[in-house]
Amino acid sequence: MLGKHSKIFFGVSLIFLVIAIVLASWGFQKIVNKQIQKNVQLANDSKMFERWVKLPMPLDFKVYVFNVTNVEEVNQGGKPILQEIGPYVYKQYREKTILGYGDNDTIKYMLKKHFEFDPEASGSLTEDDELTVVHFSYLAALLTVHDMMPSLVTVVNKALEQLFPSLEDAFLRVKVRDLFFDGIYLSCDGDNSALGLVCGKIRAEMPPTMRKAEGSNGFYFSMFSHMNRSESGPYEMIRGRDNVYELGNIVSYKGQENMPMWGDKYCGQINGSDSSIFPPIKEDDVPKKIYTFEPDICRSVYADLVDKRELFNISTYYYEISETAFAAKSANPNNRCFCKKNWSANHDGCLLMGLLNLTPCQGAPAIASLPHFYLGSEELLDYFQSGVQPDKEKHNTYVYIDPVTGVVLSGVKRLQFNIEMRQINNIPQLKSVPTGLFPMLWLEEGATIPESIQQELRDSHKLLGYVEVAKWFLLTIAIISVIASAVAVARANALLSWPRNSNSVSFILGPSVTQVNKGN
């Protein structure tokens with residue numbers, strides 16, 4: 001009977017061990033991951049969906065302006081001296097309007113942004129500060145004409161002198177609020193035929209930085225008013241219900257799967273997320289690059305994996321922008337399709353390291369870079385006497401991603417807007433200025449998740465830790481049970497095969513007594 005029970009115990013222990021191995025190697029992890037992934041996919045009843053539709057916290061939108069302190073010297077050919085003023089901090093609120101759902105696990109939406117000035121975070125800076133900056137809109141108009149029809153540049157400049165009030169040189173004295181959102185008034189009143197053509201061109205193309213002035217024959221120029229309280233899109237994005245590892249990928253923008261202005265499928269590809277949501281990361285297949293689609297520059301940008309880092313006591317993957325993202329075609333031949341002739345009359349259109357031509361995207365000869373030309377060509381710095389100093393800590397773009405949920409714990413995007421200052425002999429405002437790339441301002445857009453969400457993530461990671469402990473505990477118990485049952489079976493078999501005779505030792509009664517005949 002003892003042997004039979006031991007064998008049953010051994011069999012049950014083996015089954016228990018097999019179950020423990022299956023659960024430990026596959027089952028527990030899959031059950032927990034499935035529950036976590038159910039919460040991160042964009043299903044209407046998931047936590048992530050609610051937070052994705054309306055961000056639970058505002059983003060920090062910071063603007064740093066390059067104030068020109070030696071205008072007269074620059075007008076005479078001297079190197080610019082710049083003074084960085086900022087940050088002017090705004091709270092950026094984001095909300096999405098759902099338009100519908102696609103057949104391929106996609107969701108269509110419009111994105112609305114709203115900006116509010118944050119005086120506390122801005123410190124002593126106010127929107128009434130008056131600064132001197134490069135005259136972006138004037139130079140954009142003049143350079144466009146100079147590149148396309150140089151013979152008309154003097155005629156158009158006369159019209160621009162009427163369009164822009166108090167146009168003395170290539171610099172603008174302006175209040176911060178007017179430069180950013182309220183707008184600088186451009187008057188189309190006048191009898192100059194060239195002015196009529198210029199205003200007609202603006203009216204027909206209406207660049208993002210221009211808007212029609214209500215009740216008058218003119219326009220307002222501002223850098224960001226087109227972003228405020230207006231919707232962009234529609235975007236079409238994968239929800240991650242069918243495959244959570246595709247969550248957040250943008251598949252189309254404004255109904256297009258490729259940005260046509262670059263004339264090339266590689267440069268025009270729309271891939272990656274909108275930077276607000278990423279898919280979970282497989283620990284055995286960590287992506288070397290992550291992509292985000294940036295409609296403001298009409299392209300996708302990638303960041304490279306650096307390493308694994310801890311943030312807020314949470315293990316994350318840290319990515320930062322690669323120097324090849326804005327590399328010259330000599331360093332990254334794939335970027336050759338971003339080359340467009342506009343930078344100067346005898347330039348092939350392929351810009352220096354660290355620059356991106358925005359003319360095809362914005363309709364104006366703007367050039368993007370990282371702040372202070374970080375990761376750009378050293379040649380760009382030679383143009384300035386002082387005030388431009390790239391610094392990785394201040395000017396890098398990066399993101400920390402939780403691999404379990406894909407949630408961004410902290411991230412910052414930074415971008416600088418520049419325009420060419422070009423010497424044109426027959427234009428009074430430009431006849432003596434040094435030719436070079438002139439920065440106007442740079443932006444920092446980022447956020448760090450609040451403590452409440454940090455705690456949720458820590459709890460998720462703790463749960464995985466508990467599962468790991470439970471896995472090994474279950475395996476240990478199963479192995480001990482198998483060993484114990486195996487020993488019991490072995491001992492039972494030994495008992496059954498033990499020799500039974502008169503000289504044997506009884507484990508119950510003790511040794512038998514043998515009678516000895518001593519004789520007479």
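All residue numbers here begin at 1 and follow the chain in the order shown.
Just so you know, glycine gets a Cβ as well, placed from its N, Cα and C.
Between Cys361 and the candidates Cys267, Cys298, Cys337, Swiss-Prot records a disulfide bond only with Cys298.
Note on Asn228, Asn357: Swiss-Prot annotates N-linked glycosylation site at Asn228; no matching annotation appears for the rest, which is not proof of its absence. Which of Cys267, Cys339, Cys350 pairs with Cys337 is settled by Swiss-Prot: its disulfide partner is Cys267. Packing around Asn228 (N-linked glycosylation site) is summarised by its Cβ count: 16 other Cβ atoms lie within 10 angstroms of its Cβ, all protein chains included.
Around the Cβ of Asn313 (N-linked glycosylation site), 9 further Cβ atoms fall within 10 Å across all displayed protein chains. A gap of 33 Å separates the Cα atoms of Asn67 (N-linked glycosylation site) and Cys337 (disulfide bond). The Cα of Cys298 (disulfide bond) lies closest to that of Cys267, out of the recorded positions Asn44, Asn104, Cys267, Asn313. Between the CA atoms of Cys267 (disulfide bond) and Asn313 (N-linked glycosylation site) there is a gap of 38 Å, rounded to the nearest whole number.
The Cβ of Asn44 (N-linked glycosylation site) has no same-chain neighbour under 8 Å that is 6 or more residues away in sequence. Each residue contributes its Cα atom, and for Cys350 (disulfide bond) and Asn271 (N-linked glycosylation site) those atoms are 23 Å apart.
Spatially, by CA atoms, the recorded positions Asn271, Cys339, Cys361 include one closest to Asn228 (N-linked glycosylation site), and that is Cys361.
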